[in-house]
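Student: Pasting a structure here, questions to come.
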Ligand SMILES: Nc1nc2c(c(=O)[nH]1)N=C([C@H](O)[C@H](O)COP(=O)(O)OP(=O)(O)OP(=O)(O)O)CN2
Ligand SMILES: [Zn+2]
């Protein structure tokens, strides 16, 4: 049976700061992130299944990505735990939704985090194939399962 990739695109707004970065991005600033999620599997062949012909219902994929990533990060402020305690305190006053991550919130580290979350949440009949995270229209990171086996 053919293995097929399906992709769904998501958008979220978030602010971040790159601690100790040698450029403007050390300041808190925002991005309109675009996340593309690709899963791979075989289309369902059970003619009694309401999901006949689907690798995975796009709606189910949407629910998982929204639950694991978008609902968490949309309109949040994200920094690394290496910022000062003063900054972390101020963030709490400034932004109701703020995350102090164990990692520097670059596009690369965020996509690794997203891949880990999705791998755990996807049903067993599909596999996470790849992710693409755009920080700006012209800058993005990609994660491929085949690069990380
Ligand atoms: N490898 C990475 N480099 C940079 C990252 C990152 O996550 N990974 N992040 C930043 C900044 O947060 C910010 O995103 C600036 O990126 P940049 O593409 O340089 O921004 P521009 O506004 O110049 O984007 P254009 O698409 O060129 O308009 C910095 N570097
Ligand atoms: Zn940025």
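Cβ atoms here come from the backbone N, Cα and C positions, even for glycine.
Keep in mind that TrEMBL annotations are predicted by a computer and have not been checked by a curator.
Worth saying up front: this structure is predicted, and the values here are computed from it rather than measured.
Sharing the feature lines straight out of TrEMBL:
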BINDING   16, 29, 31  Zn(2+) binding site
ACT_SITE  25  active site, proton acceptor
ACT_SITE  75  active site, charge relay system
ACT_SITE  135  active site, charge relay system
Student: Among the recorded positions listed here (16, 31, 75, 135), which has the Cα closest to the Cα of residue 25 (active site, proton acceptor)?
Tutor: 16
Student: Which of these recorded positions (25, 29, 75) have a C-beta closer than 6 Å to some atom of ligand 1?
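Tutor: Listed by sequence, the hits are 25.
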Student: With the cut-off set at 10 Å between Cβ atoms, which of these recorded positions ends up with the most neighbours? Options: 16, 29, 31, 75.
Tutor: 16
Student: Just checking, which of 25, 135 (active-site residues) has the fewest C-beta atoms within 10 Å of its C-beta?
Tutor: 25
Student: State the Cα to Cα distance, in Å, between residue 29 (Zn(2+) binding site) and residue 75 (active site, charge relay system), rounded to an integer.
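Tutor: Checking the Cα atoms of residue 29 (Zn(2+) binding site) and residue 75 (active site, charge relay system) gives a distance of 12 Å.
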Student: Where residue 75 (active site, charge relay system) and residue 135 (active site, charge relay system) are concerned, what is their Cα separation in Å, rounded?
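Tutor: Residue 135 (active site, charge relay system) has its Cα 14 Å from the Cα of residue 75 (active site, charge relay system).
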Student: Sorry to bug you, but what's the C-alpha spacing from residue 135 (active site, charge relay system) to residue 31 (Zn(2+) binding site), rounded to the closest Å?
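Tutor: Pair distance, Cα basis, whole Å: 6 Å.
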